[in-house]
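For 19-111, 121-211, 220-344, the entry in TrEMBL reads repeat 'Solcar'. As annotated by TrEMBL, transmembrane segment applies to 83-104, 124-147, 184-205.
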Amino acid sequence: MRGLLRDLDGKGGGRWSYLIGAESIISGAGAGLVSSVLTCPLDVVKTKLQAQGGFNPQRDQKFYRGLFGTLGTIWKEEGFRGLYRGLGPTIIGYLPTWAIYFTIYDAAKLKISYLRPNHEEDVVSHVLAAMSAGATSTIATNPLWLIKTRFMTQRIQGSFKGERYKHTLDAFCRIYQKEGLQGFYRGLVPSLFGITHVAIQFPLYERIKLFYKKDYPDDLPSSKILVASACSKMLASLITYPHEVLRTRLQTHEILEEYSHLKRPNGSVENPYSKNILFDSGSNDNGSFLRRKKISFPRLRDTLRSILDHEGVRGFYHGMGVNLVRTVPSSALTILTYELLMRQLTSLTRLKN
């Protein structure tokens, strides 16, 4: 930290800043890889529970029920591969997400604390750093998480004519063709609500670590890191969980398309490429052709109202139990892996210098 602060003060070289950034990127990516592989089955269960209901035309028929019921259904319907559906996009998503997050978080935390009295890290610096890192990583990686969510919910969507994707590149191309660039950012607003999640989780994690530092002035043992990360993650999840349901519903909700039949009066044909017609889907036997009048993406307000009307407040907490079972150990593994990798990389850097 002293090296980076000297650099910020203009008295040191830029090498320390570069090395700290490289360490954060490598450690964050490694943490994301380990966590995504080990907890993917629980992530699939959680996503399926979040997505069913609400906008499902058969919402009264719950296909997935609870942790073990959902695991059993996936195993029966899709086999072992079903438990790791979306693993590719998940890994592709987690690596840059945590690499970006921890890099921004560490840099912002140090820079903000440098501006604070006595250059000390406090709750304010932790909250601002967490929010900055959360917003940056969320905006940068939202398309990857949307594709991951689509993969994990394909079994549900298949029951009412949802898209089915072969692989990540196929999903990317088909989403772009059908929905355009804006399709990749469906659910971004509730995802940004997740900034409140990290604004609670990481400052609390730092405070718990500080508490343990009284007994462990040097490096914290792994058990204490696990406790600190698990407790902070659980509290943050309980408070901010509804935004995850909103994000999942927005990302998996079918696009609403309105069609109308255009007659051919006196043998003439209305131009299907006029400004109010998006495409001509072809003529039929009765002398008319179908045009798409409008593409409608689900809105956050409508999603909120639909969940409240059809499912009540409980609808905002679908899959929360499974989510805690997944995210708490996932977060603990991610942060522990990150801390241990950072510790090793920092030691190697010091030895070389």
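Yeah, the Cβs are placed from backbone N, Cα and C, and that goes for glycine too.
Averaged across the repeat 'Solcar' (19-111), pLDDT for the predicted model comes to 79.
Break the repeat 'Solcar' (121-211) down by DSSP state and the numbers are 77 helix, 0 strand, 14 coil.
Each residue of the repeat 'Solcar' (19-111) gets a DSSP state, and the totals for helix, strand and coil are 74 helix, 0 strand, 19 coil.
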